[in-house]
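Below is one structure, written out as structure tokens, with a few remarks after it.
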Amino acid sequence: MGKPRMIILVRHAQSEGNKNRDIHQFIPDHRVKLTADGHAQAEEAGRRLRSLLKPDDTLQFYTSPYRRTRETTEGMLRSLTSDDPTPSPWPRHTIKVYEEPRLREQDFGNFQPCSAEMERMWQERADYGHFFYRIPNGESAADAYDRVSGFNESMWRQFGEAEFPSVCVLVTHGLMTRVFLMKWYHWSVEYFEDLRNVNHCEFIVMKQNPDNGKYILQNELRTWSDLKKRAAAQAAAKNAAAIKDGNSPPKQQQTSAALTSSKPAAGAETPGVPARRWGSSVVPLPPPSPPPPSGSKPKI
């Protein structure tokens, strides 16, 4: 088969740590399990994967060794290989699954400190820069980039094998998904830092162009700068409506406050613009460099 026709990156389903960050004070990150909702998300992801495949596709999974990613993979496989409601063209014994330690989560440093100390650390990371800031006793995103680069190159070499499956699925973590794409498509640090996290069990799909063998990113990724633009446009529309109705528009101070509203609850998406403390900077960033064409081949 050679190079797969499709590469799919999947962030793990909702974990207990996404609902309550305090559990990281006494449960090691690699042992955090899925919530009941997370198990349901994983099985639904398997059904979505089923809808993307051709009956003659062959599959290979790589999964981070963390419990939440392994449980996500297991849930996806259950629904993917299930004969309910119709027989599955992909029996479980035909699907290869490999644990890949290089796809593990960014190391946050053994047991994590109390919430107040973590908030201080995230703010320090926002001020320093999300990509280069190294978590005390842990890793920076740059460290994670280095190890995922080695995995990318190993996987690319495997594409030369005649029997490599037609679809490759990587079950990993939010940050690891972004650094994987950063390496593959040669994105800048500024663009990486502008990217928002992917959602639980969201599929990031890369399809091969049969004409040149390059992989085209099918998703439009969410960015902080786009979110700010939408929020500013909404504020301007409200101001215009207030003036039209004969009311005073909101003060600029109020608009600014809306643009840097408080941090969302763990695992939640916040309407408007959240303060970029849990993974992005509160201070203005220079305009991100546009990503290069998505069909680029990884640098070997």
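Glycine residues also receive a Cβ, built from the backbone N, Cα and C atoms like all the rest.
In TrEMBL, the substrate site is described by Arg11, His12, Ala13, Gln14, Ser15, Glu16, Gly17, Asn18, and among Arg67, Arg68, Arg70, Arg78 the residue recorded at this site is Arg68. Within 10 Å of the C-beta atom of Gly17 (substrate binding site) sit 21 other C-beta atoms, taking all shown protein chains into account. Per DSSP, the secondary structure of the region 'Disordered' (72-92) breaks down as 11 helix, 0 strand, 10 coil. Within the set Arg11, His12, Ala13, Gln14, Ser15, Glu16, Gly17, Asn18, Arg68 that the record links to substrate, no two Cα atoms are more than 15 Å apart, and one pair reaches that distance.
Counting only residues at least six positions away in the same chain, the Cβ atoms of Asp29, His30, Ser64, Tyr66, His173, Leu175, Met176 sit under 8 Å from the Cβ of Glu105 (active site, proton donor/acceptor). DSSP assigns Glu105 (active site, proton donor/acceptor) to coil in the three-state reduction, placing it in neither a helix nor a strand. The number of other Cβ atoms within 10 Å of the Cβ belonging to Arg11 (substrate binding site), over all protein chains shown, comes to 26.
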